[in-house]
Amino acid sequence: MDCISTKNNKINKIKFSITIIAFILLYYLIPLNYRDLWQPDETRYAEISREMLQNKNWSIPYLLDIRYFEKPIFGYWINSISQFFFGHNNFSVRFGSFLFTLFSANLIYLFSKKIWKNKILSLNSVIIFLSILLVYIIGTYSVLDSIISFWINLSMISFWLASTSKVKKYKIKNYIILGISIGIGFITKGFISLLIPFISIFIWLFLTKININKTIIHCFFSLLISILIIFPWIYKISYLEKDFIRYFIFIEHIQRFIGENAQHKSPFWYYFPIFIIGCLPWSGFLFSTLNLAWNTRKNKKIEFYLLLWIIVQFCFFSISKGKLPTYILPCFFPLSILIAKNIEKCNLKNKKKLLKINSIINTIVGSTLLIFIILHEKYKFFGCSLYNKNEYYKLILCIFSIFVWIFLNLCIIFNDFKFWRITSLSIIGIAFLFGLYVPEKIIYAKQPQLFIKEVFDDLESSDFIFSNNIGLSTAISWEIKKNNIFIFENKGELEYGLSYLDSKHRFIKKEDFKNWLSKNKEKKISLVMLLPDKHYNWKKFNVPETKKFFQHERLILLKYNF
């Protein structure tokens, strides 16, 4: 009888876990289309892939019809294929990120199940991974980090399976997969796909002393396979664009990671708060999980391997000069497996202390955020409120979404932690509603699609369009499906591409703009600008005056010869 009861209990846990995963997938998928694209990242990747699809140039990335060598090609292929199948919409722009997040979740399930032969533990790992805040944000946001993270994850898994396999056939298969994942990772985001796995692997080999010489030889076999994958594209783009290799290696890698003038320069400790906050709603397990993996490192090699995977990547990006929150995404793959294992141990020992701490932390975080937003709207701590007077419905939605976070965690506490998996639904309110309560002052600066739709007819009928912001330029180009936008005053990330002789004419300084206008009196010209603030007088840009203009918050359209 006890055996039947235990079996039924296990089946119920599996069903409940699958139901939770289904809910999580819903709050990944549904918001993809109705949230406006963010500039500069999402509008950039949307436009590069649109132009690639339009021009059928599958080798050289172009942005606004200007060379753009910041990233390799694979991510753009994925986004172009997505746009081909799903059309010209926000869903297709973000689908690649969602898809590769799902691939990583599937890897977690298969890997956990192979290691521990425990279906419930494997499903718990997936639940934790998909509901981690930073994983969710990046998985519903169009950047290349979800894609490169998948290839890094696959590299690390395939090495473990290859190095621990006793069967020669499976060993060879996994070393081949290691080579493939490094190769495709390279044409997704460059040398990072090679550096992260190999640094992690060599440190692991050095510390464990497991067949070092033999394993290094096998890794060189994987490296050869990766070169075979990388070579065709590298050869073609190097043949067509002679300066690509120099720019890609020295500017996009050496300068980005160790150069004094690196992009997104931040201090060493930058990732510590991001790692803790990004781990929500599971941050309460973070330190105990890492500590447990460290304490069992001598007799539990897989847990030490997963811990080392986290530490090496975290330290690598912390040491690098250039930093963005998205870079540490691969750390959350092994972390979610370790957290699931930690929770299983708590349940087996009937210790609910960690579950309690985690739910209390979530309740405190939610309550603090809720109180801060309410008080900020009342007392305007930073000189102005988050929402305008006509946006109180957005404030209500914002408060409600945070209240859902608090309510679910209180339910877990008062139900004696039987339904701890509901923790994964903490962000469900924010996930579904966030796109509906973004303040206007942010929309009309960072999400320009709405403004572009308001002036769409003017832009579409323009003979020439100028913009002083690259993110805004790419948003205009994406919306009106024209890629010949002129860059006004600020070259931004297109500085390198604009240095080419065939693209120099696409940049106009503000002191030359008046003269350019006088030479094109018969043409309809639009100048779209992002202002420093909504009260900034656009005339300070020293552009010719016009009575035909439209402004909303920080975005303004100036019309000439209309």
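Keep in mind that glycine also has a Cβ here, set from the backbone N, Cα and C atoms.
Source: prediction; values computed, not measured.
As recorded in Swiss-Prot:
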TRANSMEM  14-34  transmembrane segment
TRANSMEM  91-111  transmembrane segment
TRANSMEM  120-140  transmembrane segment
TRANSMEM  142-162  transmembrane segment
TRANSMEM  186-206  transmembrane segment
TRANSMEM  215-235  transmembrane segment
TRANSMEM  267-287  transmembrane segment
TRANSMEM  302-322  transmembrane segment
TRANSMEM  324-344  transmembrane segment
TRANSMEM  354-374  transmembrane segment
TRANSMEM  395-415  transmembrane segment
TRANSMEM  425-445  transmembrane segment
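Under 8 Å from some Cβ of the transmembrane segment (215-235) lie the Cβ atoms of residues 59, 72-73, 159, 162-163, 171, 175-176, 178-180, 182-184, 186-187, 194, 198, 201, 205, 245, all in the same chain and six or more residues away from its ends. In this chain, the transmembrane segment (120-140) lies apart from the transmembrane segment (395-415): fewer than three C-beta pairs between them fall below 8 angstroms, excluding pairs fewer than 6 positions apart. Against the transmembrane segment (142-162), stretch 186-206 has more CB pairs under 8 A than any other of 14-34, 186-206, 354-374.
For the transmembrane segment (425-445), the residues of the chain that approach it from at least six positions outside its boundaries are 20, 23-24, 27-28, 30-31, 34-36, 131, 133, 136, 140, 280-281, 362, 366, 386-388, 391, 394-395, 397-398, 400-405, 408-409, 451, 530, 534, 552-555, judged by C-beta separation under 8 angstroms. Contact count against the transmembrane segment (302-322) (Cβ pairs under 8 Å) is highest for 186-206, out of 14-34, 91-111, 186-206, 354-374. Sequence-remote contacts of a segment are chain residues at least 6 beyond its ends whose Cβ falls under 8 Å from one of its Cβ atoms, and for the transmembrane segment (91-111) they are 25, 28-29, 32-33, 37, 42, 45-46, 49, 75, 78-79, 82-83, 85, 122-123, 125-126, 129-130, 135, 138-143, 145-147, 149-150, 153-154, 157, 333, 336-337.
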